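Structure record follows, encoded as structure tokens.
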Amino acid sequence: DEIRRTRLLLQNSGKTLSEPIQNDQTKQAFLLSLSSVHPDTDKIIPVLFRPPAFLPMCLPLVIASSLQLQAKQTFFCQFVFHTYTTGFTLLNGNGTTKAEEYLLQEKQIFLGMGAVSYAACIGALPLIFMNRYTLKSSLTQLVVTKLLPAPLFGLMSAFTAAVVRSPEFENGIEVMDRNGKVVGVSQKAGEKAVKETALSRAVLFGTTFFLPPVFMHFVERAKFAKTPRALALVRMLVITSVLAGMLPVSLSMFPQCGEIKRADLEPEIVSSTEETEFFYNRGI
């Protein structure tokens with residue numbers, strides 16, 4: 001109800017993104033609408049999948065996924081982690097894909113579950129391989145528990161994001177001129193939006209799983225934390241700091257309102273307008 005009231009307030013105030021927001025009430029209404037309503041469909045996003053919920057929801061999943069326990073526990077933790085991030089990607093992606101809505105949603109859910117299962121299997125595969133062939137040397141454990149998680153999580157995060165949003169570059173997304181007028185549906189804009197989102201997700205989680213082990217290596221050598229409990233606490237603080245620091249970096253790598261040049265669009269779109277720059281909703 002509060003979100004609907006703020007949307008009504010914004011409509012009545014007649015504010016646009018190009019005009020300064022002078023009233024604090026209008027500013028708060030704008031921020032609430034921005035963080036809780038999908039820009040393409042105008043539907044309210046479920047509370048657990050809104051951008052402000054991404055950090056508190058992901059943090060425990062990241063910590064659990066980084067523990068590198070037995071293969072079964074690792075698979076379960078990563079399955080839950082990728083399920084949440086895939087759902088977040090799906091609900092915050094571009095919503096203008098032109099296809100029959102029911103079939104499109106069914107396809108995206110099917111693709112998302114397949115991508116999540118595949119990503120969880122890949123994440124647990126090194127542990128399965130190490131246990132299956134009883135490879136317990138220090139070098140093997142270093143590679144499996146310290147070196148592989150970061151690139152695997154980065155790649156799999158990008159993979160799941162690209163797969164669940166694949167209908168966007170298959171069917172295309174709407175592109176607009178500077179005045180917000182829709183000038184066409186572009187597959188190239190959809191491909192650009194998906195690539196940028198997948199890259200930002202890879203940077204976010206690749207860095208989040210890479211930096212804490214490096215930092216903890218120096219903490220252990222310096223004997224800064226002398227008990228296992230203190231070491232675990234420091235490790236959680238490091239992961240929290242890295243994830244919290246990388247999240248705004250990841251989200252700001254590419255603008256939310258993406259821009260694509262005239263030369264990069266399909267001929268049938270550029271032939272209908274004289275505009276030189278076009279815009280689209282990249283999604284998160």
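Just so you know, glycine gets a Cβ as well, placed from its N, Cα and C.
Remember, predicted model here, so these are calculated numbers, not experimental data.
Taken from TrEMBL, the feature transmembrane segment covers 109-130 (among others). Sequence-distant contacts of the transmembrane segment (109-130), counting only residues of its own chain at least 6 positions beyond either end whose CB sits under 8 Å from a CB of the stretch, comprise 65, 68, 70-72, 74-76, 78-79, 82-83, 86-87, 90, 136, 140-141, 143-144, 148-149, 152-153, 156-157, 159-160, 163-164, 166.
Sequence annotations record features per position, and here TrEMBL assigns transmembrane segment to 142-164 (among others).
Residues annotated as transmembrane segment in TrEMBL: 198-219 (among others).
Residues or ranges marked as transmembrane segment by TrEMBL: 231-254 (among others).
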Surrounding residues of the transmembrane segment (142-164) on its own chain - C-beta under 8 Å, 6+ positions past either end: 65-66, 68, 82, 85-86, 89-90, 93, 108, 111-112, 114-116, 118-119, 122-123, 126-127, 129-130, 194-195, 197-199, 201-210, 213
